[in-house]
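Written out below as structure tokens is the structure these notes cover.
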Ligand SMILES: C[C@@](CO)(OP(=O)(O)O)[C@H](O)COP(=O)(O)OP(=O)(O)OC[C@H]1O[C@@H](n2ccc(N)nc2=O)[C@H](O)[C@@H]1O
Ligand SMILES: Nc1ncnc2c1ncn2[C@@H]1O[C@H](COP(=O)(O)OP(=O)(O)O)[C@@H](O)[C@H]1O
């Protein structure tokens, strides 16, 4: 019989240290190249499994407290995948119920991937707690249908990313500090992607070029100029950040911006002068989610 468990899981965020587009697929989706830096800061997801077949979801943010949430969608997608994989003649009767509570710290729709990370954490956590034994590959496949950035969080490693987010090459980055600032506006990802001025033919690079070209910090986010033009609140934060670092940059399709720093004290001092919502956190090569998972799997 399945032993029930109650576990608190981390759901970290990411920063795109550079981001450009090298073409479009037949379905219109843009083929990107990016360095996804995982960050040791994020939401918490508390999962308690139970004997029902129901997914119960609670969240401290009213706006996200509905079944449209990527957490609920992840749990349902996992159940559907298992149901399909199980021989119909001997349907899987194992209880797949859970009560899930999200504590939200990450801005949503800010380009830090909070929703995608919540989705990935739910897949990885429920696979562990329901003892499904699916591989990270299988979980990434399920996740990709729910969002392009989900597989990166399922893999849980800082990585050079291609395709629309499904081609992932882990790479080690210096584990430095970041100040992440959230301008007072929400950027529509779809709107930025549909802007005719967006550069869609950047020169494709290889992972070897990362060092040779001085990337990621010498790279750029090709969405940044368009977002700054359409959203003055983003331009205002960028202007404030560039006085502290020439590497100030937007993450994803915005609206959040960041500056990298080697020195924690220095970045924390700058943060005290920041009047917009913000956080300071460290870049990590391995996701805190996978560190937690390893803790369960490692022998004593
Ligand atoms: C560009 C990135 C980099 O991380 O931005 P952020 O979401 O983090 O800000 C992501 O890959 C964003 O992917 P994702 O988060 O799945 O985008 P969605 O909001 O689902 O996409 C909204 C719309 O943007 C377009 N879209 C999205 C991804 C992509 N590679 N090409 C596209 O053309 C599609 O029209 C899609 O319907
Ligand atoms: N658990 C969740 N956390 C955050 N956003 C969610 C969640 N579930 C669904 N969403 C929806 O997904 C959208 C994008 O979320 P998010 O991944 O945080 O954006 P981004 O990739 O720009 O950081 C949000 O605006 C929200 O409407």
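Using N, Cα and C of the backbone, Cβ positions are placed for all residues, glycine too.
Any TrEMBL annotation is an automated prediction that lacks curation.
Counting only same-chain residues at least 6 apart in sequence, those with a Cβ under 8 Å from the Cβ of residue 14 (active site) are 36, 37, 38, 39, 112, 113, 117, 149, 152, 153, 251. Feature annotation from TrEMBL assigns active site to 14 (among others).
Summarising the annotation, TrEMBL assigns domain 'GHMP kinase N-terminal' to 69-156.
Every protein chain shown contributes to the tally, and the Cβ of residue 111 (ATP binding site) ends up with 28 other Cβ atoms within 10 Å. In the three-state DSSP reading, residue 111 (ATP binding site) counts as coil. According to TrEMBL, the feature ATP binding site maps to 107, 108, 109, 110, 111, 112, 113, 114, 115, 116, 117.
If you look up TrEMBL, you'll see 149 (among others) marked as active site.
Among residues of the same chain six or more beyond the domain 'GHMP kinase C-terminal' (231-273), those with a C-beta under 8 A of the stretch's C-beta atoms are 14-19, 107, 109-113, 174, 176-187, 189, 192-193, 217, 220-221, 223-224, 280, 282-283. Look at TrEMBL and you will find 231-273 tagged as domain 'GHMP kinase C-terminal'.
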Just to be sure I understand, if DSSP states are collapsed into helix, strand and coil, how many residues of the domain 'GHMP kinase C-terminal' (231-273) fall in each?
19 helix, 7 strand, 17 coil
Annotated recorded positions 14, 109, 113, 115, filtered by Cβ under 6 Å to ligand 2:
109, 113, 115
Just going by other Cβ atoms within 10 Å, which of the binding-site residues 107, 109, 113, 115 has the emptiest spot?
109
Quick one: which of the recorded positions (14, 107, 115, 117) have their CB closer than 6 Å to ligand 1?
none
Going by DSSP, give the three-state secondary structure for residue 117 (ATP binding site).
helix
